[in-house]
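Enquirer: Dumping the structure here so I can ask a few things about it.
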Amino acid sequence: MLAVAILLLLLVTKPWERTTSERFSQTGIVATLPAPDALYEGNAWKPTAGADGYALALENDRYALYIRPDTTQFAVLDKASGYRWTSNPAKEELAAETVKGQLMANLQSPFILTHVRTQGADQTVRETLNNQTAGMQTAMIRHPDGLQIEYAFPAKQLKFVMQYELTEKGLKVKVPAAGIREEGPFAMFTLDVLPYFGAAPAKGDGYVFVPDGPGGLIRFDQEHASLSRGYSHQVYGQEVTNEENWTRTGERREDIAYPVFGLKKGDHAFLAVMTKGEDSANVSAMAPGLKSSFYNVFSSQIYREEYLYRMSKLASPSKAVQKERLNLDRELEYRFLSGSDANYVGMAGAYRSYLQETGRLQEALKPVEHVPLYLKIMGGNYEKAYGRIRYVAATTFEQAGEIVGALQGKGIASIKALFYGWENEGDYNMEKRFPIEPALGGESAVKTFMDQMKERGVPVSFSEDFLWVDSHSSFSGKTDAIRGIDGTAYVDEGWYIAKPAYTAAAAAETVDKLKKLGVAGIHFSGIGEMLLNDYEPTGIQTREYAKTVYDGLLKYTREGLGSASVNQGDAYVLGQTDYIDGLPSESSYDFMIDETVPFYPMVLHGFVPYTFGDGNLRDDEDAEFLRAIEYGALPSFFVTHDDSRKLKDTPSNFLYSSRFDKWERRITEEYGKFDSLSKLYAQKITGHEKLSDQRYATTYEDGTRVIVDYGTKDFTIEKGAEQ
Amino acid sequence: MKKWFSLLLVFMAVLTALPGTAMAKLPYMTAYYDPNQLSWFRIQPIYSPAGAFSADFGEPADLHVADDDRVYVADKKKDRIAVLSRYGKLLRIIGDAEGSGKLSGPEGVFVTPGNEVYVADSGNQRIAVFDENGRFRREYQKPDTPLLGSEHFVPVKLVVDRRGVMYIELNSSYQGLLRLNPKGEFMGYFGANKADQSMLNWLKKLVLNKEQMSKEKGALPKPITNVALDRDGFLYTATAGGEGKGAIRKLNAGGVDGFKNKTLENGHGIVDVAIDPEGFLYNVDLDSMRINIYDRSGQAMFEFGDVDKETQQYGVLGFPTGIGIDSQHAIWISDSATNTVHKYVRTAFGSSVLQALGLYADGKYEESKPYWEAVYARNDMYNGTFQGLGKVYLHEDRNDEALSYMKAAFDTDGYSKAFWQIRMDWLQRHFVALVTSLIALLLAVYFGRRAVRAYLVRHPFPVSWKDPLAYIRNLGYVLIHPYEGFYKIKEARIPAWITLFLLCLVIGIKLCRVYLTGFLFHPVDLSEVNLVKELALFALPWVTWIIANYLVCSIKDGEGRFREVIQGSVYALSPYVFFSVPTILLSNIASLDEAVIIHALNVVMTVWLLAMFIVMTQVIHNFEFLETLKNSAISVFTILTIWLFGFIVFGLSYNLYDFFYELYKEVNIH
């Protein structure tokens, strides 16, 4: 009897199993977040304004910041050019403005604070506060570091603090979490920071730059028909767990991959980098007619989100606003550009130097003799057949070796291979990866394959997803799944998303096992393309935390295997990824965006190798190939040994056509074209321009120009000075 | 179907995170319809968005693409017609000048091949006609005829045929299209929809008396939503709201619907229909929220695009109001939510696949080949390619390839043709051998039997084998002599293992029927057969029959014991055993031309089975014939009752299970 009881107890508690946190701590990945920003201490500063209403507040060699004590509007003087950037349109500019009331007040405010009630009915109704709100009190402190302004709204018992600092490149704006006070029945919802900074009237020369796809321009001189909303999207994508984000039928779009926006006005431009708390902020751009008659672009900081929740499966969902505030420091850095730098090329350069200065971008690539071909090989996946799960093999390890051999035989000198579908039963039971699928040859075949590849100089990474976990596994949703915004473990059609610590632990264990087999790296899916808050009842684990863990994991993988790579390449992985697959290359087809430019490629080229869509899976064969050339991407193909039709009933049925011998010739041909640009592999892109409707020129460090013509479907290379 | 697809979309949204799911970057999905499998499958884009053009529209209510590819847009709010070039540039405004030509809230526009512009000038209750330079020419008001009575003449859509006869849809009129001749004289109504004959109406007619009926609201035909005309003069009406029934009708001059009120996939919320030069149909549908392409018979082929009332993206429609196709196959859609006209152009892949399908529909299989090959190079999952190339190979007499392609596409017709050819060739080559081997087989059987008998006489089976063998042989005997056979069974004490053995035999035959029946007579992917379900569905009626028969007959003074009922019911299945063997064999050598033999065999088998069960009941329970019929009928009724009962119990306990499951989940993961 006692024995049975003990056995039962053992079975329930499972002492031989380690908890996720134990497994995570074993990886040695550190997940400590930086210390929060401090508020300035000191005496109140009460300046007297000059004749124009402004008082000098901060100054360095290059810039001076003047503030209006009455409205807290400010101006930044660029001493070199004499140009003044202002937080709001000037009085004269507002003379022709047609909006009134609240919108007019917003136009004159350096912030727009949206709040909700936490008591009574209508807790989702949003109200706004700005610097024109009656009863607002401001308190300024001047500090060696900068200027601090505290805004207090006694009627709402709300307070927050903004800090301005001047740097060598421009202006830093901070909203420290420590400065927020919610003492009454009102709670902060969003805070628009400097909503009209540098706002430009319609029809002028210039554009707004938004991080749509590879980069999007909204031109001032372009007619924009029928805009009902502006551009307003969350950096790194919306919260997946919030049902409200899925209620619209449309909105399939590219998630914002880099926290940057900018504006060009005549000969002057700014680039704003969201340096802290960027993952919880929207980039918002408005065109005339939406909120005012100006073009403006700014960051809207998210403190709470509205979400849908259901009391039961049958009840219709209700709206609510999350209780706990996203308590993150927010910081933006505005960098000012003028003259020949005042355009999107200059903006890309400014962002690249920001990344380099802060150590977020890895070292420049070494020049190569030949560009690498990124060869993705699909091993296979599972299907349900004859009432059970069956693995369908499309390429065994042996066949993969033959494919690589065939390509090398055709003269492709540099290949980097990514192997997909190697896990036991493919994507069925995501937790179970080992032993490596026997239908592909199992572990002995992997070893042979790896030895062979090492000999041939082809590094092979294994691709795997450590974020999504299916319910066929023994995964515990209760302890290890991300909690959605409604507080419950998030599950979608039987799929959970693992908490970052679980992901890291599972991945680190996989790294250790793959190391023994000689695998040269992991290509992560999910990391670098999806970021979530974890709404634990004990407190929100923010996206900030997830970023830190993922960063540690990428580092662990590089140290363990030699290489880590990701899809999409959201900016937080740039320091730790050896390659980005599927870098955003296309716009989201917004009405508002007039032109798509290679901003992000310009930032990355010469530092992180990247590819766009696979050569055999393109929607538009010619245009996508030419875009890859124009944007400096590398060639990639996704192949199988057998007909991909074999996979039609498996989750890998997106491989419309991948049989290697069908594509062999095309791969060789296309590789030749990409390889004609091999000299440019390690160079920065220094220029990009539209020559005509169909022709675009990309310029590299050494002066080489690549001119792509979408009309003739061809490209030409003009050698630079050094050749 | 819609729900299923949206679920699929959700599922695919999940898959975006899985390894390397290279999602198309367009803001919408594209799928193709497989009529052989009755479902939608994902495919790469057929059309891509090419812009959304605005000419300062107030509310674009209709759109017509003229033969010269100019796009005419009726702007209801701005009271005018805007003419756009094929590049979306505004060329001209019609009907905004003060005077007799001034339009008021126009909702429909049609341009004749001679470039005369007919406008359904709804606000002015007339048809206004302009020449190609936009000068007002003439108008048609409500025709002067007593037949129209007090009805308001509010034209909303119209087409004009080659003779200048106007077909006008009046505002929410259920009488069909009003016909006016070029002189403006009333020529009667045309092409009204059929009134909806629902089950409810039929029940009402059955139950209610005349007086009550007269108080019921009459079942009125649905009003036509939109109308279009093709190059051959056929008139197409779009009608929303009938679950796709008659959503697009193809009317000839006599008003007869070539599609026979066919139910259209994705047609419940149809807005408008357009026809391209190949005769393919395009609709935009607010229910499935897709733009759909159909072949000439109204069979769905592709769906793409999306509808979202808050759209701010090219390619995603806000509230579509009209659709048109230009000579380059570009699709134009007017959208009154975004006040734009959207344009979609074919992708290279879309061109290949639609060219191939067009030539295929024309029967030009040879010409279609390069297009099919281009499609196949980019997608080896699209089943249409297999059907198309299968046809090509059939014409090239490459029957083996044709056979495998047709099988891949689940096209039984094509498969049958290829099979017939292959069988023919085989027979021609092997006729002598076949006949010889058949004769040899017959002789072998004949002499073999004699030899076995002679052998058995010399070396008889052990005595203990005698009874079991007799019982098993009785399965055949009972088939021909049911009465005597069943008497024998009733008298004998057949061991349970024999019954079980026979039952296993039957199940074995059932398995053979599932897995060995020829493709033509069982065109499914065998790996997707749900064997448990198949067997359960096979066994369920038989098991319930035994229970019901025993219960009923023991009440009705039947003599049979439960064991006997089971035994009898097993032996009664003997036609299933003996008929299935030739059926399965034949199904593997017959083409669809000989399908009648197989069907006949199946019918005979069913009748025979019924007869066996009745005889069995009579013999086992020792009933009279009439009594047997009566009790069998009661048994059948009992079976239905048991099923109903089981269904209810299952439903309730499932709810209970669901409740506990939810509770478990609540505790475990929330």
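A Cβ is built for glycine as well, from the same backbone N, Cα and C atoms used for every other residue.
Reproduced below are the annotations present in TrEMBL:
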- B:478-644: domain 'Yip1' (DOMAIN)
- B:99-133: repeat 'NHL' (REPEAT)
- B:1-24: signal peptide (SIGNAL)
- B:431-448: transmembrane segment (TRANSMEM)
- B:496-516: transmembrane segment (TRANSMEM)
- B:536-553: transmembrane segment (TRANSMEM)
- B:565-590: transmembrane segment (TRANSMEM)
- B:596-620: transmembrane segment (TRANSMEM)
- B:632-654: transmembrane segment (TRANSMEM)
Enquirer: So if I exclude everything within five residues of the ends of the transmembrane segment (B:431-448), which remaining residues of that chain have a CB under 8 angstroms from its CBs? That is, six or more out.
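Expert: Residues: none.
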Enquirer: Under the DSSP assignment, what numbers of helix, strand and coil residues are found in the repeat 'NHL' (B:99-133)?
Expert: 3 helix, 14 strand, 18 coil
Enquirer: Out of B:496-516, B:536-553, B:596-620, which stretch has the largest tally of CB pairs under 8 angstroms to the transmembrane segment (B:565-590)?
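Expert: Top-ranked stretch among B:496-516, B:536-553, B:596-620: B:596-620.
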Enquirer: Who are the chain neighbours of the transmembrane segment (B:596-620) in space, where the CB to CB distance is under 8 Å and they lie at least 6 residues beyond its ends?
Expert: 478-479, 482-483, 486-487, 489-490, 521, 545, 549, 553, 558-560, 564-565, 568-569, 571-576, 579-580, 582-583, 586-587, 590, 627-629, 631-632, 635
Enquirer: Could you please provide the mean pLDDT value for the repeat 'NHL' (B:99-133)?
Expert: 93
Enquirer: Hey, which bits of the same chain come close to the repeat 'NHL' (B:99-133), Cβ under 8 Å, at least six residues off its ends?
Expert: 61-64, 66-68, 70, 72-77, 79-81, 139-142, 152-160, 162, 164, 166, 168-169, 171, 180, 229
